[in-house]
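Copied over from TrEMBL:
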DOMAIN    41-176  domain 'Potassium channel inwardly rectifying transmembrane'
DOMAIN    185-350  domain 'Inward rectifier potassium channel C-terminal'
TRANSMEM  76-99  transmembrane segment
TRANSMEM  147-173  transmembrane segment
Amino acid sequence: MVLHGAIEMSPERDSIINTQETFIPRARASKGRAARRQRYIQKDGHCNIAFQQTSGNWGHYMVDIYTTLVEIRWRIMFLVFFLAYIMSWLIFGLLYWLIAHVHGDLGEPNEAPCVANVHSFTGAFLFSMETQATIGYGFRGMTENCMVAIVVVTVQDVLSCFIDTAIIGVVIAKMACARKRAHTVSFSKCAIINLQNGALCLQWRVGDFRGNHIQEGEAQGQLVHHRLLPTGEVILSHQDLKLQCKSITLATPASVVHKIDCDSPLYSLSPQALAEEDFELVVSFTYTDDSVGMLRQTRASYTPEEIRWGQHFQDMLRLGRKHYHVDYSLFHQTTWVQVPMMSAQERDRNRGLPHNGESVAPVMRRKIQTCQREKSDTLVLEEAWL
């Protein structure tokens, strides 16, 4: 049986489609619209947003300096730490030089110097670096003749502990950042629309490419509409998609399913109308990693050109003798299936089902009358038989 308005099957369409490499021809929006469209979320999950800061807002970043250091790039972070060490050595070296200058240790050798063998700023800088790095004094060393110098050495030792602790904490936090783990939890390159239990459904795939399993996770989907006003103002509207199963245990790759019914924002979209739409499907998966117990999130997005109508994801799971086998080489691959080339609203109308704006009462009334007529016919037959 061939569905009305469905995609015609052929040997060419039966072949496997690799959505990572294969270009699938389809109707495209106009060049003007495509040129104006900007992704809200990149495919790798990063927000395509650039903030323009005013001169007075940098203080907020300095108040939360730890988060700022974790979020900046590695090369900038190493530059900040390098400057922190150099500046601390210079500042305390200058203090030791001033102490030696006031105490008279820079000229003729003093019988009771504050710092032994510090006769210039270079010597004071080297003594500061040796003190903070705890590499041992050797030729230069602290004496008990100046209480001020002893206090400065104590302050430098305490400050060096804070600097070392901050550097170690930031490096560990940056290495354990959720962005790196998010690369191993990935979404399919495209979303698909096909029939599931007789209803049109939107699907995308999520999988964990690591061997360790995710304890629990929650999938979400949202339509983001871009609207550009004649005044130049950009308005973003968000519509949540109702998913059939949000909670997922990602031991094996799973398909996230959204049923296109009368409550779906995709209810009136046909394949032709979908190609002309200007929206973005933003998907996310929030989960708890069983390795470190941290809450993390992976994001991706699909444009209308990346939503394939009439395709089905390749089966990845196979049952072996002792284990379930998952073939991740099929993660992005799809095949053609028979799907009506019409919107869910038009399909429901052809089937006599209610759609948006239509009351359910006439349909229910027709069903009740049919049941009563069938019941009365049954009674007549029973009476005639008796």
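Even glycines carry a Cβ here, placed using N, Cα and C.
Sequence-distant neighbours of the transmembrane segment (147-173) (same chain, 6+ residues past either end, Cβ-Cβ under 8 Å): 66, 69-70, 77, 81, 84-85, 88, 92, 95-96, 99, 114-115, 128, 131-134. Across the domain 'Inward rectifier potassium channel C-terminal' (185-350), mean pLDDT in this model comes to 88. Break the domain 'Potassium channel inwardly rectifying transmembrane' (41-176) down by DSSP state and the numbers are 85 helix, 6 strand, 45 coil.
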